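Taken straight from Swiss-Prot:
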- HIS75, ALA116, HIS117, SER118, GLY148, ALA149, ASN177, TYR288, GLU370: thiamine diphosphate binding site (BINDING)
- ASP147, ASN177: Mg(2+) binding site (BINDING)
Amino acid sequence: MTYTLLNKIDDPADLRKLDRRQLDTLAEELRAYVLESVSQTGGHLSSNLGTVELTIALHYVFDTPNDRVVWDVGHQSYPHKILTGRRDRMSTLRQYGGISGFPRRAESEYDTFGTAHSSTSISAALGMALGARTRGEKRVGIAVIGDGAMTAGMAFEAMNNAGVYKDLPMLVVLNDNDMSISPPVGMLNKHLARLMSGQFYAATKKGIEKVLSVAPPVLEFAKRLEEHAKGMVVPATLFEEFGFDYVGPIDGHDLESLVPTLQNIRQRALEGHGPQFLHVVTKKGQGYKLAEADPILYHGPGKFNPAEGIRPSAKPSRKTYTQVFGEWLCDMAAADKRLIGVTPAMREGSGMVEFEKRFPDRYYDVGIAEQHAVTFAGGLACEGLKPVVAIYSTFLQRGYDQLIHDVALQNLPVVFALDRAGLVGADGATHAGVYDIPFLRCIPNMMVMVPADENECRQLLTTAFQQDCPTAVRYPRGAGVGVATQPELTALPVGKGEIRREGHARAGQRVAIMAFGSMVHPALTAAEQLDATVANMRFVKPLDVELVKQLAANHDFLVTVEEGATMGGAGSAVLEALAEAGIELPTLVLGLPDKFIDHGDPAHLLSLCGLDAAGIERSVRERFSLTAQPVKVASVA
């Protein structure tokens, strides 16, 4: 496809030079460009195809970047990036040194607020609007948020706050596409997906009349309903009660409707009519039939041929850790009826699809509500059940107070299965699970386990399930190391590691590497060159202190290695144990540096951080001034 109009647009100022009648053609070109780009790089597709017209309309009507647009979650911001001067860099999307898959302030002045976790946009836009007013500047703060993100309490906390400011130039755009990553849940989403029909309107009005005698304030709602015939009965009332002027729902793919509606809203906002709320209905995957038919499959695809669509790949030779968890969950549920599965809107990503099919009465998707998920699981545990919360490591951060106050303080037996621990690659710093070890191991009653391979992951999940205290099992994204999983539900001894390799270096060069989780196998490879001992520690908490002492007694140097933050991490736990035992021995702590790691290929990122086998070997030699071992070359007859 030729991009006649799109090639003329280097920023929104160029966009605003177009005649309104040209916008539909631009939308066709922009949608085609998004599809072409993502098919070549991989990335988020369905959500971006669904926001093309909305993105065009926002930049056409509002004075960006003076008016601040905040994209909630941000994975739907590719059209925005293309229209704001980054069209020619889309080929670098989510690659090391390339542009991010999410809005990023350091990347463009049009990325007014960095996002990636959900439900933050309204708070940020409110802060921007009030900040501008404090500085005597006139601009509109705009939050674009999906219906899935509206299930999080933070969004409503922000709206409750925003409604207080009756003259604040602020706009919330609800992008109602009836789908977060997994189909959204909860009563709010049921209402958002239910466009008013004549029968629904009549039934609602009749119901209101019945309660007028006990709820006089509802009379005003009935009048508004009849006068304006609003398309969304419950949301209109709900959002207006928060202090917003509600408009909608309107077709989010109809520029003839979007542009004038937004123009009117902008004028009202700048004239001091207070916070505005626009409800648009869009379709994920819009314009690409394969994505329309299966938006979940096309949510975040790798490279593919748009003409053919995503083809089933050959069955991988190695299971992913997510698959290992999903299989274990079903097996344990079959063995123990107390098991309950809980996820905050990550059914597919966390490997719970089969569990939901087999055990629908024991599966709870609580929506994008991590705080609620943690406390909800605590409530289940109070009733003698054994909840397993499947959650990405990075998202557990959002429920930290609940983890401490509602679960650990009461010593409730909740299992936290932490997927995506460590670096995650293309999604970058916002999704990296690198802080879980420090923030978990400092909590009393909490156990923290770190499997080295697929079968050990299954065993440690079983170990966690058998405990009468809160537990966490962290495992990385992607395929394992190729170890077959055994069908038995076998637990491992609590707080005990193992020696995976005995070193035989000469005195003065004896190195012991204590490896945690995903770092065991790189450590084993490095140890071959160092002739070092390698311990698979398995537990961060309780730490195998006896093993630490044993290694210290028989070696000249100690090394810890983990795929996580070193400040307060597993290495810190080892140093604390050594100090408490009064042991002084040169110790090298390896892990991720004290900075945010950008997006890129995971193997490349680990190499840059010195956490591949070569990096581990190099760091050990440099720190302890070890000489290279002579390489034995087999004679050739």
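Backbone N, Cα and C atoms are what each Cβ position is placed from, and that goes for glycine too.
Distribution of Swiss-Prot features across the structure.
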{"residue": "HIS75", "record": "thiamine diphosphate binding site", "DSSP class": "coil"}
{"residue": "HIS117", "record": "thiamine diphosphate binding site", "DSSP class": "coil"}
{"residue": "ASP147", "record": "Mg(2+) binding site", "DSSP class": "coil"}
{"residue": "ASN177", "record": "thiamine diphosphate binding site", "DSSP class": "coil"}
{"residue": "GLU370", "record": "thiamine diphosphate binding site", "DSSP class": "helix"}
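A Cα-Cα distance of 16 Å separates GLU370 (thiamine diphosphate binding site) from ASP147 (Mg(2+) binding site). The Cβ of GLU370 (thiamine diphosphate binding site) has 29 neighbouring Cβ atoms from other residues within 10 Å, across all protein chains displayed. All protein chains considered, the CB of HIS117 (thiamine diphosphate binding site) has 22 other CB atoms within 10 Å. A simple way to gauge crowding: the CB of ASP147 (Mg(2+) binding site) has 24 other CB atoms within 10 angstroms, across all the protein chains here. Of all residue pairs in the thiamine diphosphate-binding list (HIS75, ALA116, HIS117, SER118, GLY148, ALA149, ASN177, TYR288, GLU370), the one with the greatest Cα separation is 32 Å apart. For ASP147 (Mg(2+) binding site), the nearest of the binding-site residues by C-alpha distance turns out to be ASN177; the candidates were HIS75, HIS117, ASN177.
Residues within less than 8 Å, Cβ to Cβ, of HIS75 (thiamine diphosphate binding site) and separated from it by at least 6 positions along the same chain comprise HIS44, SER47, ASN48, GLY101, PHE102, ALA116, GLY300.
The number of other Cβ atoms within 10 Å of the Cβ belonging to GLY148 (thiamine diphosphate binding site), over all protein chains shown, comes to 28. Taking a C-beta cut-off of under 8 Å and a sequence gap of six or more, ASN177 (thiamine diphosphate binding site) has these contacts in its own chain: SER47, GLY50, GLY146, ASP147, VAL281, THR282, LYS283, LYS284.
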